[in-house]
Amino acid sequence: MSDVAERVKKIVIEHLGVDADKVVDNANFIEDLGADSLDTVELVMAFEEEFSVEIPDDAAETIVTVGDAVNFLEKATAA
Amino acid sequence: MFDLSGKTALVTGASGGIGKEIARALHAQGARVAISGTRREALDALAAELGSRVEMLPCDLSDAQAVEALVPASEAALGGLDILVSNAGVTRDNLFMRMKDEEWDNVIAINLTASFRLARACVKSMMRKRFGRIIGITSVVGVVGNAGQGNYAASKAGMIGMFKSLASEVASRNVTVNCVAPGFIESPMTDALNEKQRAAVLTTVPMGRLGTGAEIAASVVYLASSEASYVTGQTLHVNGGMAMI
């Protein structure tokens, strides 16, 4: 697992209070991990802080699974 | 009770009668206060009176960009923002059938749209902190209506509905969103009434007098305090019994 993936998963586990084994790449924040829409906003805020990047609203809307977040942040931090 | 030491607050319309009292009251409870308004001299005088723990941020709320910049400027000046008091408001009274689009747009822009933008700008960091107080100063007119004030009443009713919606969204993050609805209060707005109008107004107020800015400010202090932590989505009517809602 990449460093980015590990950090993303740690944030998701802490923030949503879910078991680590549920936080897999294709886990949907809302459908699989029990997040509400406000949780997803807060997750994006937490990612922004952790990775010191800005995630614009239209990009944030495309981040619906753990894998989406990892992909986005890998690209954003590689740039 | 109601100690605001260590808290930071932004008060818009602080160069006006009620806003000035709100800023004074929050400051007296220990808060650091950013005062915003359009009348520079009035802000200067208030800042001088309060002395320490005060920042002056003049802003024209009809200017969208200036509104967007106000919350970040307050956060920078105060080191964060715990309390937003969206108090600034204008009237452009006219009979409904004579009301110009421009009179409508101007009142909606300053009273409602600016409140929306300010609240939107500060809610993110409040959610993150798991603490925040957003307080809108609306009006009894927003609930009961008033001849000649279709635009003003709409803006104030809009604020109530808007803030109830926001209150529902952020309640789980310990951010509360409430309104205070003044009735007839001694202020430049009511000074404009002539004696006859004033007497007519007072017949509708069971207490038989106008309220004071300080009486509005006390309600704001309460809603801003930690003690009001379970109060959200409410409108506190401060009107001498004029409307019992």
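Placed from the backbone N, Cα and C atoms, the Cβ positions cover glycine too.
The active site, proton acceptor feature in TrEMBL is assigned to B:TYR152. Per TrEMBL, NADP(+) binding site is recorded for B:THR38, B:ASN87, B:TYR152, B:ALA153, B:ALA154, B:SER155, B:LYS156, B:ILE185. Residues or ranges marked as domain 'Ketoreductase' in TrEMBL: B:7-187.
Put simply, B:ASN87 is the one of the binding-site residues B:THR38, B:ASN87, B:ILE185 whose Cα lies nearest to the Cα of B:TYR152 (active site, proton acceptor). Listed in sequence order, the residues of the same chain lying 6 or more apart from B:ILE185 (NADP(+) binding site) and placing their CB within less than 8 Å of its CB are B:GLY17, B:ILE18, B:LEU210, B:GLY211, B:THR212, B:GLY213, B:GLU215, B:ILE216. Remark: of the binding-site residues B:THR38, B:ASN87, B:SER155, the most isolated position is B:THR38 (fewest other Cβ atoms within 10 Å of its Cβ). Taking Cβ-Cβ distances under 8 Å and a sequence gap of 6 or more within the same chain, the neighbours of B:LYS156 (NADP(+) binding site) are B:GLY89, B:ASN111, B:THR138, B:SER139, B:VAL141, B:GLY142, B:VAL143, B:ALA181.
When secondary structure is read from DSSP and collapsed to three states, B:ALA153 (NADP(+) binding site) falls in the helix class. In sequence order, B:VAL107, B:ILE108, B:LEU112, B:GLY142 make up the list of same-chain residues 6 or more apart from B:ALA154 (NADP(+) binding site) whose Cβ falls under 8 Å from its Cβ. DSSP gives B:ILE185 (NADP(+) binding site) a strand state. Sequence-distant contacts (6 or more apart, same chain, Cβ under 8 Å) of B:ALA153 (NADP(+) binding site) comprise B:SER139, B:VAL141, B:GLY142, B:GLY145, B:ASN146.
Around B:TYR152 (active site, proton acceptor), taking its Cβ as the centre, 24 other Cβ atoms fall within 10 Å, counting all chains.
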